[in-house]
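What TrEMBL says about this protein:
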DOMAIN    1-76  domain 'Manganese/iron superoxide dismutase N-terminal'
BINDING   His20, His68, Asp153, His157  Mn(2+) binding site
DOMAIN    83-161  domain 'Manganese/iron superoxide dismutase C-terminal'
Amino acid sequence: LPYDYNALEPYISADIMKLHHKKHHNTYVTNLNVAQEKLSEAEAKNDINSIISLQPSLRFNGGGHINHSIFWEVLSPNGGGEPDGDLMHCIKRDFGSYDEMKKELTASAVTVQGSGWAWLGFNPVSGRLRVSACANQDPLEATTGLVPLFGIDVWEHAYYL
C-alpha cells in the first residue's frame, strides 16, 4: 500500500485494511499466478479445452487484482472532499453536479446484489463519464470498455469487521 494500514482511520480501521489487503487481495494475486501458470502450460500443449476452462479463474482473480490495485490508489489519508479541475468540470458536464454524481454512484453500489463493485468510469469513445456496476470481480475496463476512475468495493470483505 502507498500508506500505512492505519492511515485511513477512523473511516476504515487498520484491522480491515490489513485483512482486506494481506488476505483478500493477496489471495487474488496468488490464484491469478496459479491460473497464469496453468494457462502457459495449456498454451504450450495447444490444449484448447484447458485454455477455455481457465477463463473464469483468470477473469475472477485477475479482476480481483486489477480492481483492488485501483482501489488502494484512489484511497488516500489526505483525500476527501470534492475534486477540482478537469475532473470536476467533467462531473458537472455529465451529471449536473458533484452531488448528483455521488447519488448515482451510491445508487449503483446499492443495486449490486451479493458482491461486486460500483465505478465512476470514463468512456473513451464518447469522452464522457459514466457510472457502472460490475458483479463479482469483473474488471470495469475489460467488461465495459470504461476506464476506471473511482471504485467502491461492495464485497463484504471491504467492511465486515
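Each Cβ is built from the backbone N, Cα and C atoms, and glycine gets one as well.
Because TrEMBL annotations are produced automatically, they should be read as predictions rather than curated entries.
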Please list, in sequence order, the residues in the chain of His157 (Mn(2+) binding site) that are at least six apart in sequence and whose C-beta is under 8 Å away from its C-beta.
Leu19, His20, Lys23, His24
Helix-strand-coil residue split for the domain 'Manganese/iron superoxide dismutase C-terminal' (83-161), DSSP-based:
33 helix, 23 strand, 23 coil
Please report the number of other Cβ atoms within 10 Å of the Cβ of Asp153 (Mn(2+) binding site).
22
Far apart in sequence but close in space: which same-chain residues, 6 or more away, have a Cβ under 8 Å from His68 (Mn(2+) binding site)?
His20, His21, His24, His25, Tyr28, Asp153
